[in-house]
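K.L.:
Below is one structure. I have some questions about it.
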């Protein structure tokens, strides 16, 4: 069964998806070509050939963009990837769009076709019937991967593939010869490796599933309803229940829920970037503007965004029949760009995999050529090398670390849609931030009012009561006009839901509307009920029954409405609200004490002065004006058209300016400190706001974005100074949006074909200033600012809350949306959402991003240090013939046992002291750098490996194997073992036991060295006699292959009986090694009197100690393992800080738990009977055999502290360069 999703779900944003864009272009061009073909191409076969050529070119362009066209452009029964078929499908679908006429026919005829009313919409019965006929308004969703497929994918990651190969090879070795020596160990190793793969894969899958669940939950943030007109009433309808013929209302910030014909537009502009890739808002009108339905302005398509204005539409297509529905699979086929962290992890995995495979192949060859080992032995050793190089627990540690970071960020009110993007935030070097709601509290209050040419403090009458003397007079005619204009042009209202108005505290009541308008209604409500004010001045009703309002947009910077106000000279009055400097250009008069006074230079200077003074106080300023339309031109019943400025029937001139209101939005208390932390971290904070420059500059100074003198300050102090000189000297600048426009116009007027790097030179130079504020900017200018910052090398974080911010948010390296005030569109486009709308949370995110990068480095160094201790034992075995110092069981125990919790504990590590004083990470500063590899492998790894080998040699020495003797075993012949049975004189078969050493015993107890029958009493065996008539052959029964120390059949044999040589002068056999040729050689073994449980319970009447036996290797391997654990104690604490001393590091209780756990693990493995046997461990004497690694552990810790001390304090060549240790050893 097909799976569906609702149209307004929070899917990954479709903005700028190259697959959708290319698919739309093919569809649009196909329609264009078809239309031209209908007009011209049919006249000539040449034109038809050109059409095919053009379509082939479109296909090539799509292919160059990495796009795989699916069959979903047109639904065909049989899917195909054939080029001609794809083009044919696009052609066929283009034919469908060429034949459609919904954009051409009159709206009345169209409404009759869809059996609907333009004013009343469909009835509920009609809607239900059409829903049954057409189905739900849903897109058929591409079938998701089943959970088990996702789980399998986690099981075949690069590290896992290496382990799969190793386990398969172990199974092959076992299957080829299951009775061979060590075959069972290969079987167990294969099973354990598979268990490790399943375990780590399950952990990563589980965390991935949790992340998917989080994203599913995030979808609930987005609305799933739209406003439709049914039966003459406005009702909220689930988007999936829309049907063709529905009349819907669309307002700024809404997603278009279906393909619609525009029947009313009030400056309605849409963002078609989801289809076209172009983010410029496009005006929608009711008239036909193009024969091509994909280009005409009277249609709006599903998935696009209403960026400005509002309108109404008639639904003409739903679900899969929408334009987006036709190319929906192209959206799901788009590749998600890799995050920097993903790239770094992939680079690390490839690097380690190459090292592992390279060393495995190298030592396979060495084992076969140098050691002359058998194929199965060589392959087993290669598997060991690969397993030793792969940090099996690393990916699990990283996954858990990311999950822990997600929880920590959630606690700090930061929702991260893509957790790996946090690391991008950590490398951010520039943040372009909104002011209102992000840096300030977004709680506007009216501070001052200016009317009648005078500035007055605007105290709230509810807050200050009746006994306060107010500077403004509510009965002043100018104030009354200003009052009416402010309330009628505002759409904010109180959300009191039937409460009694008499006893309400209006300052605390919730409102519906933006912050500025909310401040106005809270100021005027105690003066007069705002609904009464609006009833007194009724809005004009337009021909489509809507009210005469033109909403505010960022391009015009004003909103206006028309009210019925009959006077001697007029029937209508236009009220306008917006940017004061904009409205002043429309005005010819200033209302003073109820009378119009012509504006002259003196009044203009007074206006500019008060406007600047408000701005310098950090206040937002709104201007208000009115215009009485003359009766002669605007008679009663005049048909106004407020769709756009161009359709207005009156000129924007001759207005009467009423006054100003200044609004205060105080900075958030946490912001100044957060700005300081950003600056100390080398992060530039750029304020980008729609407020006027003085206001923006004042707020920037309050919160610390600007700390020095601006260009304007220097010009005010030195009027003779040129702007260029002031710009050069000033550390801070405040740039008006008009200056950006002017700079662009100057560049365009030069008519020079400048290369890309030479464009926007002024903007780039402005962005290069240490302290920058952009004021009165439009969304397009904000996008240009972000691009300029990126071009000069910044990693840019962009904050926003409005619909218009979405292009800039998408352009930024990391987009940050507000959770409370943010629109659905910005939440869609953003990488992370601040649930508390607090800029300080961004700084928390930066710190977490840097911390996670640091902590992953620490985890990798910690794990790679133990990796090298696992590799060198195989090097020793293959290169110089040492008995393997560390078994596979111990290697895996270290990787997925003792190291795991300490490695995970780094995720709980607090940020280092200097983390927010460092400069942002450069793009070439990799997670795993050459310095990190050399530090982990060649410094800490060598110390840890030395500890292991010292413990190993110490233990072997204690059991009778001095180091120089161990190095001689590889090329020394020895007797074949086990010794075969012989026939005694009495005819009985006798197998000589592997006895303990007594002086001259090789000559008494070796069946190859005597010609006389044995006595059952081994202690009275006769001496060797040489055969009559010749010399004894001293090579009989010897072999030169290296001794197999893990052969269980020789574990009981005293190697002094095996490594012997024949001395013809004495005619006797002696131990090969000088150390064993003395009667007191038993003293070489400290534990001669200590029994080994592995050797007990046999039928031989022998001493059951491990001295001089291969069983001693178990003790040595255990000592090596213990030494590695002891060094890792120091290693985990040494890795806590990359630069600072441990004493400056806060306590990490999880790290202590990790050290305790790894200690418990090694104690259980070493000392619990049964457990130690299973792991191949022996209960070593901890004081003698466990402690050799401790000095190395202390050495590693002391060296690390010394290295960090030199990093901090070693002399620098100059203040701009790093000292030697910081430059070469800080990883």
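A Cβ is built for glycine as well, from the same backbone N, Cα and C atoms used for every other residue.
Nobody curates TrEMBL annotations by hand; they come from automatic prediction.
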K.L.:
Among the residue ranges 798-823, 824-849, 928-953, I'd like the one that TrEMBL describes as transmembrane segment.
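P.N.:
Spelled out, TrEMBL records transmembrane segment over residues 928-953, not the other listed ranges.
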K.L.:
Between 187-205, 206-224, 225-243, I'd like to know which one TrEMBL lists as transmembrane segment.
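P.N.:
Checked against TrEMBL: transmembrane segment maps to 187-205.
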K.L.:
Taking 768-790, 860-882, 975-997, 998-1020 as the choices, which stretch does TrEMBL tie to transmembrane segment?
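P.N.:
In TrEMBL, the transmembrane segment feature sits at 860-882.
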K.L.:
Among 151-175, 348-370, 860-882, 928-953, 1147-1170, which stretch has the highest count of C-beta pairs below 8 Å with the transmembrane segment (187-205)?
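P.N.:
That would be 151-175.
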K.L.:
Report, as numbers and ranges, every residue of the chain located at least six residues beyond the transmembrane segment (860-882) whose Cβ falls under 8 Å of a Cβ in that stretch; write 'none' if there are none.
P.N.:
348, 359, 363, 366-367, 370-371, 381, 384-385, 387-389, 391, 393-394, 397, 891, 894-895, 899, 902-903, 906, 927-928, 932-933, 935-937, 940-942, 944-945, 948-949, 966-967, 969-971, 1042, 1120, 1124, 1127-1128, 1131-1132, 1135, 1227
K.L.:
In the same chain, who gets a Cβ under 8 Å from the transmembrane segment (382-404) while lying at least 6 residues past its ends?
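P.N.:
Counting only partners 6 or more residues beyond its ends, the transmembrane segment (382-404) has Cβ contacts under 8 Å with 157, 159, 162-163, 165-166, 169-170, 189, 193, 196, 199-200, 203-204, 207-208, 210, 345, 352-353, 355-357, 359-361, 363-364, 367, 419-420, 852, 855-856, 859-860, 863-864, 867, 870-871, 873-874, 888, 891-892, 895-896, 899-900, 903-904, 906-908.
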K.L.:
Could you tell me how many residues in the domain 'Cation-transporting P-type ATPase N-terminal' (101-175) are helical, how many are strand and how many are coil under DSSP?
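P.N.:
Helix, strand, coil within the domain 'Cation-transporting P-type ATPase N-terminal' (101-175): 44 helix, 5 strand, 26 coil.
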K.L.:
Give residue numbers and ranges for long-range contacts of the transmembrane segment (888-908): same chain, 6 or more residues beyond its ends, CB-CB under 8 A.
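P.N.:
Sequence-remote neighbours of the transmembrane segment (888-908) are 185, 189, 192-193, 196, 199, 384, 387-388, 390-394, 396-397, 400-401, 404-405, 855-856, 858-859, 862-863, 866, 869-870, 1117-1118, 1120-1121, 1124-1125, 1128, 1132, 1135-1136, 1148-1151, 1153-1155, 1157-1158, 1161-1162, 1165, 1175-1177.
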K.L.:
Mean pLDDT for the domain 'Cation-transporting P-type ATPase N-terminal' (101-175), as a whole number?
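P.N.:
The answer is 83, the mean pLDDT of the model over that range.
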